[in-house]
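Enquirer: Sharing a structure with you now.
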């Protein structure tokens, strides 16, 4: 694509051609990430309904199809749901702050999409390959809670506001544990660049992945990710049996759908980061044929799908935690555990080279 830059400079001049080319190039790259992401979100909802239906000995969506093709029954359900949401009216409650009520979904979906700018899908395919990629993602994901808080406050509903406060406290609690877990990855890779983190796990087999030395941190990260996305069994912010539907109880139509998209986009982001930082990213489990003949992006997508399956499995299996249980798990279990692991990891990294060579520590520590 860079070969087209001289053509733009010839058509529009050197002063305007270069910037215009970069603008169009970046817009196309953004669309190349956002459009597949939205399709993935749509069909993740379909997969969720089918998997949970299978676990509950049901059929799931099996009516909407494409061109009456029998083996595609149900595959048109996400498209039908999107059309229905677009056609529905956005009802603004009496007494609500209209501007903030409509701004809240934008504040929720914006960071959820912006975080994908630094996520690499292969060594070459990344929108913005910045050195502080991990820090950028943590900053973007922490901004999503503002949309939730504003939605709860602007709705002028006690149920929505209670759900928003629950969500804010929960996200802050588990963000600390998630951040400390990622500090361990940073210590092992010595980089905040996601591509460098994957490169640090190269070595020919899955034994070099950070999953093995950081397995407790992997569990802390993933469970904290489930809690941050308000998924079951941590979905107290949307507890139907307690506060009707949580912070988006008064939302309808596309406004509700945007919150829905943000939640599932964050789910995919958590699964993607788990795959990149602990499961070797696009690296094959063993660097021999036929595994190394499969494109790296295929391996990354398979790992993401594997991690997403646990999100769906949790929803079908576990009952909702009480709010005090969620807070206790975050503050009294995860945060102390991550702090202890950081100290232990730092001590191991300071061991002499002779001691490291007597144990298989050189697999992960260079």
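Along the chain as shown, the residues are counted starting at 1.
Glycine is no exception: its Cβ is also placed from the backbone N, Cα and C atoms.
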Enquirer: From the ranges 63-83, 168-188, pick the one that Swiss-Prot records as transmembrane segment.
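Expert: Of the candidate stretches, Swiss-Prot labels 168-188 as transmembrane segment.
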Enquirer: Quick one: sort out which of 6-26, 27-47 is the transmembrane segment according to Swiss-Prot.
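Expert: In Swiss-Prot, residues 27-47 carry the label transmembrane segment.
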Enquirer: Six or more residues beyond either end and a Cβ under 8 Å away: which residues meet both conditions relative to the transmembrane segment (268-288)?
Expert: 37, 40-41, 44, 112, 115-116, 119-123, 137, 141, 182, 185, 194, 197-198, 201-202, 204-206, 208-211, 214, 218, 221-222, 225-226, 228-229, 294, 296-297, 299-300, 303-304, 307-308, 311
Enquirer: Using a Cβ-Cβ cut-off of under 8 Å, list the residues of the same chain that are 6+ residues beyond the ends of the transmembrane segment (329-349) and lie near it.
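Expert: Result: 170, 173-174, 176-177, 180-181, 183-184, 187-188, 214, 216-217, 220, 223-224, 227, 321, 361, 365.
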Enquirer: What else in the chain is close to the transmembrane segment (168-188), if you only count residues 6 or more beyond its ends and a Cβ gap under 8 Å?
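Expert: Hits for the transmembrane segment (168-188): 134, 138, 141-142, 144-145, 148-149, 197, 200, 210, 213-214, 217-218, 220-221, 224-225, 227-228, 230, 234, 236-237, 277-278, 326-327, 330-331, 334-335, 338-339, 341-342, 345-346, 349, 364-365.
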